[in-house]
Amino acid sequence: MNKIVVVGAVAGGATVASQIRRLDQESEIVVFEKDRDMSFANCALPYYLGNVVDSRNKVLEATPESFYEAKNIVVKPCHKVTSINDTENTITVYDRIQDTYFETHYDTLILSPGCSANSLNLDSPIAFTLRNMEDTDAIETFIKENQVKNALVVGTGYIGLEILDNLYERGISPTLIHRSTHINKLMDQDMNQAILDEMDKRDIHYRFNEEISKVVGNAVHFESGKVENYDLIIEGVGVKPNSEFIKNSNVTLDDKGYIPVNDQFQTNIPNIYALGDIITSHYRHVDLNAHVPLAWGAHRGASVIAEQLAGDHKIHFKGYLGSNIVKFFDYTFASVGVSPKELSNFDYAMVEANQGEHAGYYPGNTKLHLRVYFDKTNRRIIRAAAVGMKGVDKRIDVLSMAMMHKLTIDELVEFEVAYAPPYSRPKDIINMIGYKARNK
């Protein structure tokens, strides 16, 4: 019997196993997960800690038992793959519960081990990272048992911003620090001013160019010389790929430890595939490699791999657009396309508009700031970013579709808006971007 082994059982691994079973009722499918829990909604973790998601069961989407019963897929949690022998088509697995190692064979191997949270190595019982359900349960238990009143959040990526927002809404007073002034790096830095405004409005303290030197009890010592007491520290300081077990195999890794894949999500070894946060691929709209560790790519990868294994070789991955979005209190920040740093690869022009999200006379109108970058040579859109209280997601999604179909900046004047006063304006902000681009 054909045996498919999957490494990792969260977004990428659980989804690809499920998609394969949908098309293939015969193959044996075994999934190894190094952690305790499978198929949890990791994007929900900050919202669960903020009591926005009101039940732990809503975060856990499946268990090994329910997965096997529904799909005839074996999931083995607390089983860490430690090495790959791609010559013999075997892997070595460490069973954390039994404290034993064993080898198992595969015909097809699919790698979705994800990433681990970077740690500041503070050696403190009040310091936590947030990456999985075990982290989440530990933080939730700590908050309840210690009646946490205040918290220090380190880092201004999505985890840092979302956990700060949710701790505040839970009634815990947060302070934010970051090691530089460069925050929320997927956004243009001047468009992040609303992050500072939202914290100022709520008297939330924040400091940039600040780092922790040590923690003694509840006393946090900073590089600036300040010493402040906190009940809880949550670190959101980036991630690293879980690729140590791959390094002694023939599977190619890039210089950061990620796995390059082709448009079928194959590695350089034909019967080994990879998906999720562990991979690098390419952008759809421009000729650049891309690492986009977000949920959409993992789910798209799962579908492509399943179709490939089922024999439909017409299905290929056309690339990322990098659409991303985050809520921070009353504001939404979103972008699509290359990162601000990657813009240096292009001869580009930029056009922006800052106007009411819907008709000015209709109540509740708020400002929406939209910025679009385009290639001067072919006038195709290469990046867009938006910030506002309403309508951000709609505009970024429209621009994502425009980029998917390689529309030029000038064609945005032809975008036909679904207009009524509560929703937009007769000349939407996307139309205005197109009109303004005529002068560029």
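First residue shown is number 1, and so on along the chain.
Yeah, the Cβs are placed from backbone N, Cα and C, and that goes for glycine too.
Quick caveat, the model's predicted, so the values are computed rather than measured.
Neighbour count (other Cβ atoms within 10 Å of the Cβ, all protein chains): 29 for Gly8 (FAD binding site). Taken from Swiss-Prot, the feature FAD binding site applies to 8-33, 267-277, Tyr419.
Under DSSP, Ser39 (substrate binding site) is assigned to coil, being neither helix nor strand in the three-state scheme. Annotation for Ser39 (substrate binding site): spatial neighbours Ala9, Val10, Ala14, Leu60, Glu61, Ala62, Thr63, Phe67, criterion Cβ-Cβ under 8 Å with sequence separation of six or more. According to Swiss-Prot, the substrate binding site annotation covers Thr15, Gln19, Arg22, Ser39, Asn42, Lys71, His299, Lys427.
Under 8 Å, Cβ to Cβ, and six or more positions away along its own chain, Cys43 (active site, redox-active) finds Ala295. The active site, redox-active feature in Swiss-Prot is assigned to Cys43.
Swiss-Prot lists Cys43 with the feature active site, nucleophile, giving sequence analysis as the kind of evidence.
Cβ contacts within 10 Å of Asp165 (NADP(+) binding site), excluding its own Cβ and spanning all protein chains shown: 25. If you look up Swiss-Prot, you'll see 151-166 marked as NADP(+) binding site.
Here the C-alpha separation of Val153 (NADP(+) binding site) and Gly13 (FAD binding site) works out to 30 Å. Under the DSSP three-state reduction, Ala151 (NADP(+) binding site) is assigned to strand. Maximum C-alpha to C-alpha distance over the listed substrate-binding residues Thr15, Gln19, Arg22, Ser39, Asn42, Lys71, His299, Lys427 is 50 Å. For His299 (substrate binding site), the nearest of the binding-site residues Ser18, Leu23, Glu28, Asp165, Asn271 in terms of C-alpha separation is Ser18. DSSP assigns Leu161 (NADP(+) binding site) to a helix in the three-state reduction. A strand conformation is recorded for Glu28 (FAD binding site) in the three-state DSSP classification.
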